[in-house]
Amino acid sequence: RRAGQLRSASSCRSRAVAAMASLRAGAAFLSAVFLLLLEVASAGLNGYFGTKSRYEDVNPYLVQDPLSLGPAAAGSGLPPSCAPLQLRALLRHGTRYPTAEQIRRLGDLHARLIRRRPAADAGSAVAACPATADLAAWQMWYNESLDGRLAPQGRRDMEHLARRLAARFPALFAARRRLVLASSSKHRCLQSGAAFRRGLGPSFSLGSDEAEVEVNDSLMRFFDHCAKFVALVEENDTAMCQVKAFKEGPEMKKVVEKVARTLCLPVEELNADLVQVAFLTCSYELAIKNVTSPWCSLFSEEDAKVLEYLNDLKQYWKRGYGYDINSRSSCILFQDIFQHLDKAVEESKSSKPISSPVIVQVGHAETLQPLLALMGFFKDDEPLKANNYIRQAHRKFRTGRIVPYAANLVFVLYHCDQVKNPEEEYQIQMLLNEKLMLFQHSNETISTYADLKDYYKNILENCHFREECELPKVNNTAIDEL
């Protein structure tokens, strides 16, 4: 009987060891499948990263050849008798690292997952939560010193953009022609400006000293200098009530609950902000390292659409059409653009050399988005709100398509010979992210300069930065003031 008991115990141990091995094998298999499916799953997320989108997601042909002109190679559509006089480019900086605040939030979330990580011999727990195990094992390589600085990919973004613009407008970027280069004071913008200049080659590259890039925050960070915007939008929590409501709404709640289940975390340990950090980490890994992060595994394409809308809501109410002051604060930049275009026209009429054939200014998504709103682009019939997510599925206002990393808004002024009337002598085109834009007043990609100025006459003559940005005499931060 004793021998039988020993054989039975041994058999139980053998079965237990075999079962444990089977569980470990199952966990390893699930982990392998998880990694194999990661690439496929993340491919559906790329179009939904909002302002953290790669430039290549707007122009996919650049993935294969970063110097390709793509559809731009087809030409401008202007007659051969039209020659470019001046190019004015407003650029968003290239790909950057997360801000210190985002890095702290990611560190907090990652620490929670490490605490929840199943023990190595807990095969069943690993099998139940492979995402938790993989994300806990992920190396947290971000540190707060990176704080929004330009990534190596961001330098390449700018160098390649410079080379593409020079190839598209060779007469303007010819050797020894003058380049006016300005930037916001932020390090990522200064480095982006220096990288853009390097991309043009030795004719424009006057050295590597960033001080050669003029700092102009009054134009590139006009929003910081607009007291009304700062007080009533930037520092006013109630101005973002739609964003807060969406974070607490049914669409976002569903995403938070799903991510909590995937990570085997109590839903109380997560909120919309932490889930958004996880989603944006997926975007950062793709943009900075060109790798598919395990953080991407937490989200489906439907989840990504919800998170994109959260990002777009914030941009809409803080930088877009949500409040008039968002766009009206950019009139100082808008008027500066037309002052330089006017000067080029005057010099051309006087048969003088164009003093500034190429003007390049490097700012932020927050520089470009208000300006585009001031000009009336990407405006939906219905405002973006917390309760109309479904109705906004086909909205125009999608920041990932408008202001990804390295976004660029380019004005090109032309002088045309052999014209029927004097107004046609000077014509203009606008490009956003290297694609020709349709003008608001004509629905065409070409406009006479006179017609464009006439269409924006009210902004050019009546939008005064000082008056627009002056705080109401009664210090009332009610939304009605906006």
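Every residue, even glycine, has its Cβ placed from backbone N, Cα and C.
What TrEMBL says about a protein is an automatic prediction, not a curated fact.
TrEMBL lists Cys82-Cys416, Cys282-Cys296 with the feature disulfide bond.
Here the features listed in TrEMBL are placed on the structure.
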{"residue": "Cys82", "record": "disulfide bond", "Cβ within 10 Å": "21"}
{"residue": "Cys282", "record": "disulfide bond", "Cβ within 10 Å": "24"}
{"residue": "Cys296", "record": "disulfide bond", "Cβ within 10 Å": "24"}
{"residue": "Cys416", "record": "disulfide bond", "Cβ within 10 Å": "16"}
Whole-number Å value for how far Cys282 (disulfide bond) lies from Cys82 (disulfide bond) (Cα to Cα)
45
Would you mind reading off the Cα separation of Cys296 (disulfide bond) from Cys416 (disulfide bond), to the nearest angstrom?
51
If you measure Cys282 (disulfide bond) to Cys416 (disulfide bond) at Cα, how many Å is it?
48
